[in-house]
Ligand code: CTP
Ligand code: MG
């Protein structure tokens, strides 16, 4: 049976957040944002080990006490210029420390998606366990879509049929993901599935709820705080 590993890229600067502190360290429900996704993976009985990929210059991680997760957590200071590069470096570094098999599953998850639930995680794993390629959590597009010119005037309305918003985790076999990322010319893609698609494969979309959104702008953090508060009251 293949093992399941989580890899959390957290080497970005959060430019769109407009904050001095990289967004993965902004406080959410009393913890740095990255704590929440780390906890969800560490507490999942299906996940064997969790790899965190930080920037080589990261000064923040060590300011916190991570002992509670120490039996499952490995931290690598090997982040790159882009998310894809961070994931690629993380996969290589992880294989230098652990006996990862080519057919083991890697679940790549943004540090900036703190609201992933245990239920959503196990649904992804269970739905893709027998899949030849793998896939990701995603949400069918709800809003009407407009295509514009550079002047922000509508050129046309796009059909939203069969359009999805990609989330993470994105789950692929170790060897296939490594090869896919190795083949992407600029490593400028913004998710892992794009690399797999570039090899001609068709990853599965696993229907999820929109609450697993990515914290990108300041208002996203405020909404995440509210959702966490509400969950903690249930
Ligand atoms: N990431 C990474 N290495 C990079 C860039 C991004 O590990 N060179 C990580 C981020 O830390 C984040 C995830 O990839 O957890 C998703 O990326 P994104 O939301 O775009 O985060 P940032 O790149 O930090 O934000 P921005 O694009 O606004 O600068
Ligand atoms: Mg980015």
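Note: Cβ is positioned from N, Cα and C throughout, glycine not excepted.
The structure displayed is predicted, hence computed values, not measured ones.
Database features, via TrEMBL:
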- 16: site 'Transition state stabilizer' (SITE)
- 23: site 'Transition state stabilizer' (SITE)
- 160: site 'Positions MEP for the nucleophilic attack' (SITE)
- 214: site 'Positions MEP for the nucleophilic attack' (SITE)
Reduced DSSP assignment, residue 16 (site 'Transition state stabilizer'): helix
Neighbour tally for residue 160 (site 'Positions MEP for the nucleophilic attack'), based on other Cβ positions within 10 Å of its Cβ: 13
Nearest-integer angstrom distance between the alpha carbons (Cα) of residue 160 (site 'Positions MEP for the nucleophilic attack') and residue 23 (site 'Transition state stabilizer'): 31
Densest Cβ neighbourhood among 16, 23, 214 (recorded sites), 10 Å radius: 23
Distance, residue 16 (site 'Transition state stabilizer') to residue 23 (site 'Transition state stabilizer') (CA atoms, angstrom): 9
DSSP-derived structure type at residue 214 (site 'Positions MEP for the nucleophilic attack'), helix or strand or else coil: coil
